[in-house]
Amino acid sequence: MIIDETPFSFHQVVAVVEKTMNRSENLFFAGSSLASQVHAAAINGDKGALHKLIIGNSALKDKEDQFGRTPLMYCVLADRLDCADTLLKAGADVNKTDHSQRTALHLAAQKGNYRFMKLLLTRRANWMQKDLEEMTPLHLTTRHKSPKCLALLLKFMAPGEVDTQDKNKQTALHWSAYYNNPEHVKLLIKHDSNIGIPDVEGKIPLHWAANHKDPSAVHTVRCILDAAPTESLLNWQDYEGRTPLHFAVADGNVTVVDVLTSYESCNITSYDNLFRTPLHWAALLGHAQIVHLLLERNKSGTIPSDSQGATPLHYAAQSNFAETVKVFLKHPSVKDDSDLEGRTSFMWAAGKGSDDVLRTMLSLKSDIDINMADKYGGTALHAAALSGHVSTVKLLLENNAQVDATDVMKHTPLFRACEMGHKDVIQTLIKGGARVDLVDQDGHSLLHWAALGGNADVCQILIENKINPNVQDYAGRTPLQCAAYGGYINCMAVLMENNADPNIQDKEGRTALHWSCNNGYLDAIKLLLDFAAFPNQMENNEERYTPLDYALLGERHEVIQFMLEHGALSIAAIQDIAAFKIQAVYKGYKVRKAFRDRKNLLMKHEQLRKDAAAKKREEENKRREAEQQKGRLSPDSCRPHAPLCLPRTQAEPHRQSRAPSKQPPCSDKAQGPERKACRRSPGRGSPSRAPQKEQQLSSDLQRTEPRKPNETAREHSKGRSACVHFSPSEGSDGNRRPGVCPAEKPRELRLQIIQRERSRKELFRRKNKAAAIIQRAWRSYQLRKHLSHLLHVKQLGARDMDRWNRECLALILQVWRKELELKPPKTMAVSKTTKSPPKGSSGTKPTRHSVLKQIYGSQEGKVRQRTRSSKAHSVLGLNSVSNLQCIHLLENSGKSQNFSYNLQSANPSRNKLKLRLPKEEDCARGARIASADFKFSD
């Protein structure tokens with residue numbers, strides 16, 4: 001017997017026992033050491049030692065080791081029959097199980113030890129005991145070619161116990177068919193074992209017998225079929241729909257297939273759950289002999305297809321089994337039918353790169369249509385280009401395949417190759433005459449599809465073939481936007497390096513940056529911004545989203561942070577800025593409009609005031625002349641009870657008084673010139689219409705007379721009281737009496753007139769105040785604007801200030817050195833009484849003083865007495881510095897005219913220009929102003 005097949009071989013167990021026995025007795029006085037000794041005695045076959053240990057301690061006969069095995073089990077494993085007999089006589093438990101629930105009978109059946117099985121069965125061992133896999137000793141006996149152990153067990157079994165199932169619901173007959181033991185199968189069938197019990201997968205023993213590559217398995221198949229050659233048994237399908245013929249074809253066992261198909265009831269076209277027949281399986285695996293056998297025994301004459309409409313020829317063609325395809329094509333019942341999508345086996349072979357099959361089909365079938373299209377318009381060349389098989393593409397082009405054939409989407413084979421990124425196929429198709437300027441039904445070019453697939457190398461190849469990188473489809477999208485949608489930065493870099501514009505918008509206003517922000521591709525965003533992509537491009541729809549809005553909607557936090565750092569704005573921020581600008585412009589427009597309206601109103605008012613004043617003066621002159629003429633003609637014609645209306649000039653003093661006069665101006669209390677005027681009456685020779693004309697002129701003057709804004713209503717009422725309180729008097733006959741003062745008006749009417757005058761003056765005052773506020777605001781705005789401009793200029797000139805200062809100092813030092821080189825002139829003392837030369841005289845020779853010394857001072861000038869003159873400051877003629885040309889301390893003449901000194905010689909024919917000598921404090925102040933002007937210049 002072979003011991004090495006056990007978990008512990010004999011040599012290993014002996015080594016452990018010897019190691020244990022060599023240790024000291026003190027360490028192994030416990031029961032575990034004695035247990036190791038009894039197990040070692042059982043394995044070594046030391047019957048005397050075993051008997052001695054058992055007599056010394058009867059419990060050691062069933063002592064378990066770490067695996068739960070007793071000495072009896074080790075006797076079975078080591079084939080120590082005499083030791084096993086000693087243990088059984090000593091009362092060892094024959095049905096004791098180990099940790100796997102196996103007894104000594106399981107081990108004997110597994111080893112095929114007929115003597116031990118017989119010994120154990122005679123000691124009433126339980127043959128129905130199941131281990132953890134629910135296998136009985138009967139299942140284990142089927143592993144060995146000898147049927148003796150199986151026959152021994154069957155003698156002790158009842159008729160119903162032979163079909164005991166294990167955990168997988170398999171009987172001893174299943175295991176006998178699996179191990180290809182035809183003698184065991186016969187013996188079990190003889191003891192009425194059921195051949196139609198399915199296991200956990202729905203398989204019967206015939207499935208396991210057919211699923212064997214050994215040709216001798218045909219004997220096991222025949223044994224089962226001879227017991228019950230029924231149609232149901234022969235075509236039994238497991239839970240996946242597979243018959244025994246499916247398994248026989250899958251293993252390529254021609255003899256088993258021949259035996260199964262020899263029965264007329266065998267269904268060759270039986271479908272499994274995937275609608276595949278045994279013929280499909282044979283074609284897929286390339287079993288040409290089995291294919292020929294099945295075709296010959298297919299009595300239906302039709303070739304079945306699967307759920308997709310694919311025939312066995314499709315399966316053989318895609319697997320590149322040329323011999324199998326040849327068998328199919330030579331059989332008269334086989335045709336190259338299309339599947340449900342209209343694809344033939346030739347297209348399947350082209351899609352899989354089966355060049356041998358293509359050559360076989362082209363050689364055997366001369367009428368084959370190489371440009372045949374499926375229901376989507378795709379040809380075999382489309383399928384080969386999509387799969388990237390260069391050799392297949394070349395083979396099809398050599399056989400006159402149409403290189404620019406289009407499918408329903410107007411895709412050529414080149415489109416599919418660009419989509420998948422097959423560079424070699426693309427170059428082969430272009431060399432074969434494929435056009436690169438075509439677009440599909442959506443306007444997508446080849447470059448669009450290459451960018452959608454992220455194929456940078458393909459994009460470079462297409463651009464080298466003169467495809468515009470900024471080409472747009474019907475939606476306005478560019479290849480760069482397609483690459484940005486997928487975040488393919490390599491492809492984007494190739495496109496932008498070849499002048500692809502990152503700011504092109506599609507018809508909805510989206511750019512490549514919109515798509516990258518929407519999908520959160522930070523690297524793509526950085527690349528786009530490096531190529532000057534505008535971060536605030538807005539859509540054309542109602543939302544007007546920017547790239548930052550897309551990042552906010554997708555909660556792309558890293559993208560949001562990066563975009564904000566690079567000046568990106570959301571549509572809300574842009575709308576706020578636009579609203580602020582619009583409001584500012586509108587406010588400015590309103591202010592300017594109000595100013596223009598107010599200006600026009602003021603100008604009109606001023607013109608009216610001037611016209612009224614001129615008219616008033618004219619009327620006043622006329623009235624005075626008329627009064628003087630009336631006074632000369634009849635000085636005492638005025639009646640006491642009807643005083644005349646005071647003239648406008650006489651009513652003027654009443655306007656200066658703040659206490660309003662409630663009495664008529666022509667009452668008895670009137671004194672001085674007023675009373676005398678009331679007693680006057682026009683002469684008889686005066687015209688009768690003079691009072692009417694005079695009153696009309698007075699009323700016109702009152703309507704047109706301009707009023708001052710600070711004039712109060714009470715003062716105005718005094719000015720008007722001379723004519724407000726009176727109306728023209730009439731005689732008894734209704735005719736107006738000339739020269740008679742009018743009667744007093746009602747009180748209510750006077751109050752209304754006064755209230756209207758107050759309201760009018762208040763409105764006028766408010767308008768003037770509003771105009772003043774607007775003017776002050778406008779001047780303040782202009783000042784702020786000018787100040788911001790000056791600050792801006794100051795910031796721009798700050799970096800050049802040092803350079804200007806250095807240049808200025810260098811210029812001053814050069815002029816100073818040049819002046820020192822000259823001979824110093826003699827000082828001329830100017831007398832206090834000496835008068836300055838007249839302006840027109842030119843004969844006096846002026847003293848040659850250094851201009852710069854006079855401006856900035858010198859040590860020599862400090863010790864002398866200051867020059868005085870009758871004038872406020874000394875005056876020098878310009879002839880003294882005729883050798884110096886125009887000296888400008890500042891180069892910016894536009895801003896430094898106030899500080900430049902024009903020292904050119906004066907023309908004798910003209911008045912001499914005078915230069916005032918500055919004081920020390922003036923010189924310091926001029927230097928400060930010059931330095932400040934340097935800061936604001938440039």
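Each position is counted from 1, following the chain as shown.
Glycine too: its Cβ is placed from the backbone N, Cα and C atoms.
Feature annotations, courtesy of TrEMBL:
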- 609-630: compositional bias 'Basic and acidic residues' (COMPBIAS)
- 702-718: compositional bias 'Basic and acidic residues' (COMPBIAS)
- 831-845: compositional bias 'Low complexity' (COMPBIAS)
- 609-742: region 'Disordered' (REGION)
- 826-849: region 'Disordered' (REGION)
- 67-99: repeat 'ANK' (REPEAT)
- 100-132: repeat 'ANK' (REPEAT)
- 168-200: repeat 'ANK' (REPEAT)
- 240-260: repeat 'ANK' (REPEAT)
- 274-306: repeat 'ANK' (REPEAT)
- 308-340: repeat 'ANK' (REPEAT)
- 376-408: repeat 'ANK' (REPEAT)
- 409-441: repeat 'ANK' (REPEAT)
- 442-474: repeat 'ANK' (REPEAT)
- 475-507: repeat 'ANK' (REPEAT)
- 508-540: repeat 'ANK' (REPEAT)
For the repeat 'ANK' (409-441), sequence-distant contacts whose Cβ falls under 8 Å of one of its Cβ atoms, 6 or more beyond its ends
376-377, 379, 381-382, 384-390, 393-394, 397, 403, 447, 449-450, 452-455, 457-458, 461-462, 465-467, 473
When DSSP states are grouped into helix, strand and coil, how many residues of the repeat 'ANK' (409-441) land in each?
17 helix, 0 strand, 16 coil
Counting only residues at least 6 beyond its ends, the same-chain positions whose CB falls under 8 A of a CB in the repeat 'ANK' (442-474) are 409, 414-415, 418-421, 423, 426-427, 430, 436, 480, 482-483, 485-486, 488, 490-491, 493-495, 498-501, 504, 506
With the cut-off at Cβ under 8 Å and a gap of six or more residues from its ends, the chain residues touching the repeat 'ANK' (168-200) are 138-139, 141-143, 145, 147, 150-151, 154, 157, 159, 162, 206, 208-209, 212, 214, 216-217, 219-220, 222-224, 227-228, 233, 236, 238
Quickly jot the same-chain residues contacting the repeat 'ANK' (308-340) by Cβ under 8 Å, restricted to those at least six beyond its ends, or write none.
277, 279-280, 282-284, 286-288, 291-292, 295, 298, 301-302, 346, 348-349, 351-357, 359-361, 364-365, 368, 374
Summed over the repeat 'ANK' (508-540), the DSSP helix, strand and coil counts are 17 helix, 0 strand, 16 coil
Kindly report the helix/strand/coil residue split of the repeat 'ANK' (168-200) according to DSSP, in that order.
16 helix, 0 strand, 17 coil
Which whole number is the mean pLDDT over the repeat 'ANK' (274-306)?
92
Counting each residue once, how many in the repeat 'ANK' (442-474) are helix, strand and coil under DSSP?
16 helix, 0 strand, 17 coil
Using DSSP, break the compositional bias 'Basic and acidic residues' (609-630) down into helix, strand and coil residues and give each count.
22 helix, 0 strand, 0 coil
Looking only at the repeat 'ANK' (308-340), what are its DSSP counts of helix, strand and coil residues?
16 helix, 0 strand, 17 coil
